[in-house]
Amino acid sequence: MAESLNGLKRTVMCGELRESHIGQKHVVMGWVQRKRNLGGLVFVDLRDREGILQVVFGEEINKEAFEKADLVKPEYCIAVEGELVRRESPNEAMPTGMVELKGQNIKILSESETPPIYIKEDLDTDEAVRLKYRYLDLRRPDMQKIFKVRHKTAKVIRDFLDENGFLEMETPMLTKSTPEGARDYLVPSRNYPGMFYALPQSPQLFKQLLMVSGYDKYFQITKCFRDEDLRANRQPEFTQVDMELSFVDMEDVIALNEKLIQKVFKEVANVDVQLPIQRITYKEAMDKYGSDKPDLRFGMEINDITDAVKDVDFKVFKDAIENGGSVRAIKAPNCATMGRKQIDKLGEFVKTYKAKGLAWIAYKEDEIKSPIAKFLGEEGINKVIESLDAKVGDLILIVADKDSVVLQSLGALRLEMAKRLEILKDNKEFRFAWVTEFPLLSYNEEEDRYQAEHHPFTMPMDEDIEYLESDPGRVRAKAYDIVLNGEELGGGSIRIHDTKLQEKMFNVLGFTSESAWERFGFLLEAFKFGPPPHGGLAYGFDRMIMFLAGTENIKDVIAFPKNQNAYCPLTEAPNVVDEKQLGELGIGVQKQK
């Protein structure tokens, strides 16, 4: 039967007690990790958010407390009053391992059924079970460590931005749907039947309005929502650290955020980030790494060998070059002895990225093996080896096709090889980079129009503005992403604040004046009243915590996440609502066949 506290007050957390507290009387409260009955003594490991403390009950200490302690089971919630003493058998593996509490009084605050999951670190349990019983999963010490990291990170960010003159301001959760990119989550309006709010994909438009309003420096740590197909490490609702600044250029935003990154990683994870952070253009990132978020912790860079093979009589290479494509390669060190079956699997791998196949050259000490040797000849093979500065033991992997296919497939193959060779196993390095000079626009062949790579309010680079209408694909953006170990940590841009330039941008994107005003009229109207030059950046806060806490699963850093199907096993959301609620909203549900 559950007991009440009856005025009993906790004096200290379990994990805080040390030798300096010996001789003091304390009250601790928490959950029973385990219990051992050794005849005349009962030992209870008591756990709270700060750690585990051993409590000993004995007939000679207090018989009533001893008998009650013998009734407890794992995950019972209890309160214990007693005196802290030195342990006879210390456990140096525990922070509290030199002391124990002599239990003189115990209250069983609530009982527990046998938990469906073990409350321990490094739990190897099916994810569906963990999510269904998330409140138990969150009791585990390793999970609690993660959320302490999350809390500390948010505090460091808030303190830093406050010290740098930022105001924390909130923007609406119920806003206007402006579909461009991912699908919106829609919220029906009862007051306006047939009309809908949208949950924000980002606070983009409102933070720009705050700059028009003269708030100069804004930030918030806020929820954002995207109704998109969930890939690994994506969630339908996620947290963003969002900021916007007035009267700045790209260098100002980057300089401030480098200091923020340095402070966060030092204070939270004791990682020294050297400034300035390396910069790499979008073109260089794609040409060398086949990715706009390159992992710089290892080499194996992509090399263009088109010139080296342009004269060889090999149809695959010739066709690619004649059609405006290229022939490129990566070299995998110490892989020349890789078996044919393994290489064939790599060939199948690149085909998933639309490559037609994978050519290869194994540069061994006593021979050079390659299925294309008969086409390239000794001279052609040597040209490839020289152009790559290949060494004995290297395996050269080659793709020929249009540039987009070559770069994407070799970029993915580079990461796959690092994984197979365990190049990054136990690698604790943090390699940051700014990626800059992104294309402002990309051409959507299906819709036969240009679309914004970031959003329609991104400022073109000054020297490229003249090409916006005549050659839109050539225009680069004043956009910048901060990349860490092959993942995008955040991204931002300088915004357009010139209404005439914004109109040109909408025109290039295929918006009529009417459709632009229908979607973004409130922002365009505001821009009639002296908007300042402004720009900003947003971090994926959940992804940042993954790095700081050392976990590879985004669900580990969100208290109550959805599963891969955007479903919550704990609350069983989304769920059916009753007809009355739907009727009030003027909504009818069409059942899918």
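Along the chain as shown, residues are numbered 1 onward.
Backbone N, Cα and C define each Cβ position, glycine as well.
The annotation L-aspartate binding site is assigned in Swiss-Prot to Glu180, Arg226, His454, Arg495 on the grounds of sequence analysis. The region 'Aspartate' feature in Swiss-Prot is assigned to 204-207. Residues or ranges marked as ATP binding site by Swiss-Prot: Arg226, Asp227, Glu228, Gln235, Glu488, Gly540, Phe541, Asp542, Arg543.
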Rounded to the nearest Å - Cα separation of Glu228 (ATP binding site) and His454 (L-aspartate binding site): 17
Three-state composition of the region 'Aspartate' (204-207), taking helix and strand from DSSP: 4 helix, 0 strand, 0 coil
Closest of Glu488, Phe541, Arg543 to Arg495 (L-aspartate binding site), Cα positions, binding-site residues only: Glu488
Cβ contacts of Glu488 (ATP binding site) (under 8 Å, same chain, 6 or more positions away): Lys293, Asp481, Ile482, Gly540, Arg543
Inter-residue Cα distance where the pair is Phe541 (ATP binding site) and His454 (L-aspartate binding site), in Å: 19
Same chain, 6+ residues apart, C-beta under 8 Å of the C-beta of Arg226 (L-aspartate binding site), given in sequence order: Ala182, Arg183, Tyr185, Gln201, Pro236, Phe238
Cβ neighbours of His454 (L-aspartate binding site) where a neighbour is any other Cβ within 10 Å: 19
Cβ neighbour count within 10 Å of Glu228 (ATP binding site): 13
